[in-house]
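Only one structure is covered here, and it is reproduced in the block below.
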Amino acid sequence: ILLLCVSGMRAEPARYSVPEEAERGSFVANIAKDLGLTGEELLARQARLVPEGEKQYLQLNQRTGDLVVREQMDREELCGQSEPCLVRFEVLLESPLQSFRAEVRLTDINDHAPVFLNKEIVLKISESTMPGTRFLLESAHDPDVGNNSLQHYSISSNEYFLVYTRRRSDGRRYAELVLDRALDREQKAEVDFSITAVDGGTPPRSGTASIRVVVLDINDNIPVFTQSLYKVSVMENSSQDAIVVVVSASDLDSGTNGEIVYSIVQNSEENFETFKINPETGQIRLKKPLDYEETKTYEIDVQASDGGGLSTHCKVEVQVKDVNDNAPEVIITSFTSTLSEAAPPNTVVALFNVRDRDSGDNGRTTCELAGEQPFRITLLAADAYALVTSEPLDREQVEEYNVTVRACDEGTPALSVSKTLFVRLLDVNDNAPTFTQAIDTMVMSENEPAGRSLGRLSATDPDAGQNARVRYALVPPPTGTLAAASFVSVDFESGTVRSLRPLDYEKVPAFEVTVRAADGGSPPLSAQAVLRVVVRDENDNAPVLLHPAPDSSAAGELVPRWAPSGYLVAKVVAVDADAGQNAWLSYELAKATEPGLFRVGLHSGEVRTARAVTERDAARQRLIVLVRDRGQPPRSTTATLAVALVEDFSDAFHQLGHGPASGEQPQVAEEEMLTTYLIASLCCVSSLFLLSVLVLTANALCKARVRAELSPPSPSCYADGVFGSDGVGSTGTLSPAYRYEMCLTSGSGRSEFRFLRPVLP
C-alpha cells in the first residue's frame, strides 16, 4: 500500500502558483526541496526545465534549486477567459534519466477595467410599455476572471428605470434594464442616464456608458420568436458564410409596426467577429471559420424589432463540434547533432514533446521512427519523449543518419507530422590498418643500383581524419638473423619500397622483411605484412667445366678402331652458377681434326662417333667443344679433348703419353704406324681366342675381388658437399654425382688404359 501511495504521489504533478505579470527573477518555489534533492545533486544530474510549449517562461537555478520567473506572463494573453491558467513544464534529470511534471498556476490580478463596446446605448421604448418590462442591455467586457471580473451593474438616478445584474450559464454577468414607471411621451420624449459596470478587484475598477431612451408612440404588439432558445451544432470546419441557424419572429401589427428587423445584440466582441445576421430573413451566418480549440460554445442574443420600435429577444446557443483538423506538433526541446560512434546504447540524442490541439481521439497521439535505424523512442511522460540509441554505432558502416520522427493522431482520417533530425557520427580509432595483401612479392634485378623503386605497399584504414593516416616502417629482424632490412627501405608516408644496395642472386636469391603500417590515432593501431623480394637473375656467370678439368691442357680419350657409329667417346660436364634460362647449357663441336667423325649431344654434352671409325682416320684427333648458356648476352667456355684411335689398348700409353701435342705427324710416321698396326693385328688374330679367354677370366676374378674388398663409398667421396664447396649448388645443371671404379689388366706394365663406369649406390 505504501509503495502504491508513493508511486501515485510521484505521478501527480507538483503544483505552484505565481501572480500574473510578476517581475523577472521573482521566486516561485524550491524544486530541489520538493524533489528531495540538494543543489549539488541537481547540478550533477544536469537538471533542466522542459516547457510544454515553445516559450520558456520559468527558469531553474541548478545551484539553489529555486524556480524563478524568467519572463513576465500575462494571464489574459496566455489563457484568455479559461480558468485555471496553468503553465506546465517538466523537470528532467539525467544519470539516471528521470522526469517530473509540474505546473504553475497564474493567479489573476485586477489589471483590466470593464469596458462597454459602445459608449452610447440607444433604446426605443413605447410609451405603452408596462412597468416591470425588462430590456437587455449591452454587456461590458472585462478580460479578468474570478473576483476581478465584472460583478455588477448600476445606473445613475432617474425616475423610470432600475437595473438588475443577471448571470449567464457560463458565469458571465449581464445587465437587464427594468421599467419601474410608465412612460409618457407627452411629458418626456427622451430619458438619459448612465450605466456603470464594476468588477470585484481590490481596488475595484469600473467602466461607464450613457443610455438614451427614446419614447415611441404606442405600438401595442411586440414581435414574438417561434422559440425563445435555439440550440444548434456546427462543425468547426464549416466554411465561411455558412448558415448556422435561421431565427423567426412574427408581429400582429400591420404596416411599419409589423415589419420586423433582426439584429444581434453585441454582448461580446468575439460574437461580433464570428457571426452576422440578415436583418430581413433572420439567417445567421459565419463571418470566419470556427476553431473548436479556441471556443467550444457561443451564446448569441438576437433581437427582433418592428417598425414601431417594439422588440423582443431570443438566445441562440451554438455548440462547435471538433474535427480532426490539427496535425500533431513535434517540439524539439533538446538535440545533439553530433554523436561519438563509441556512444553506448540508451544515449540520449534528443528530447521532444508531441502536442495535438484536438480533443478526444483526435488529440491522442502515437510516436514512431521511420525506417530501420539504431535508434528508438522512449516515453518519459505524457506526450514527452526521448530519442536514444538502441544499439552500438559504427561510423565505418554508416557515417550519418537522417532520423525521421513521425507523430500520428487517432482521428479519422488520421493526421501525422514528421520531423527529421540529422545526426552525424564522430570517428573513434577502432580500426587497424589493413594491407591489401598479407604477403606482397616484389622483384628486383641482380646487380640493380641502389635507390631504384621496387613497388609500393598499400594499406587502408576505414577510419577518418588522423585516425586513417597510415605510416609505414620496417620491423627490425630478430638478432642473429639475416639483416634483410639493410637491403631495402620503405617510405614513411607513401609506402614506396626502394633498394639500398646491389644484390648478387647467387648469394641472396630472395629475402623477406616485415613491414608495419600504423595509423595516427591515439593510441595508434597497426598491422603487419610480409614483403618478399625476389632477386631476378642476370647472366653474369660463364659456364664452368667439371670434366674435363679446366686446368688440364687436353683430356685424353681412347677409341678403338672398331668403334661403330654412336660410340660414346667422352662426356663434357659443365655447370652455370646462374639460374633459369641463364643456366641452360648447350654443347656443340666448335672445332675437330675430322669434323665428320664426331658429334656432340646438344644438351647432354656426350661426345659420340658420328660414323664408324675407318683405317683412314687419323690416329690422333683433337676436339674443341663449345659450352654456351642461353642468357642475353650468352656466355660460353670451351673444353679440349684429345682422342686416340687404337687397335688395342696396349698402344694407349704410347699414343697418349709420347705423341706430339699438336697431333700432326709426318706422312712417313703415319705409314710406319700403319705397318705396326698390321703386324699387331696379325698377332692379335692368332692369339684372339686365348686372349679372350684370359680377359674374361681376369674380368670375373677382378669383379669378385673388388666387390669383396671395396668398402662402401665414403659419404665425402664425390658427395654433394664436395660439389657444394666448389661452388656447384642445386641450382646448377650437373646431374647427381657419379662414383667411378678403375680396373687394370694384369701384366699391363706400359698401359694406363682406364675403364670408367658408374657404380650406382
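Every residue gets a Cβ built from N, Cα and C, even glycine.
Taken from TrEMBL as is:
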DOMAIN    10-116  domain 'Cadherin'
DOMAIN    117-225  domain 'Cadherin'
DOMAIN    226-330  domain 'Cadherin'
DOMAIN    331-435  domain 'Cadherin'
DOMAIN    436-545  domain 'Cadherin'
DOMAIN    559-662  domain 'Cadherin'
TRANSMEM  677-701  transmembrane segment
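Taking every listed stretch (226-330, 331-435, 436-545) in turn, the largest tally of C-beta pairs under 8 A with the domain 'Cadherin' (10-116) is reached by 331-435. Sorting the domain 'Cadherin' (226-330) by DSSP state (H, G, I as helix; E, B as strand; all else coil) yields 10 helix, 47 strand, 48 coil.
Per-residue pLDDT, averaged across the domain 'Cadherin' (559-662), gives 83. Broken down by DSSP into helix, strand and coil, the domain 'Cadherin' (117-225) contains 3 helix, 55 strand, 51 coil. For the domain 'Cadherin' (10-116), residue counts in helix, strand and coil come to 18 helix, 41 strand, 48 coil, using DSSP.
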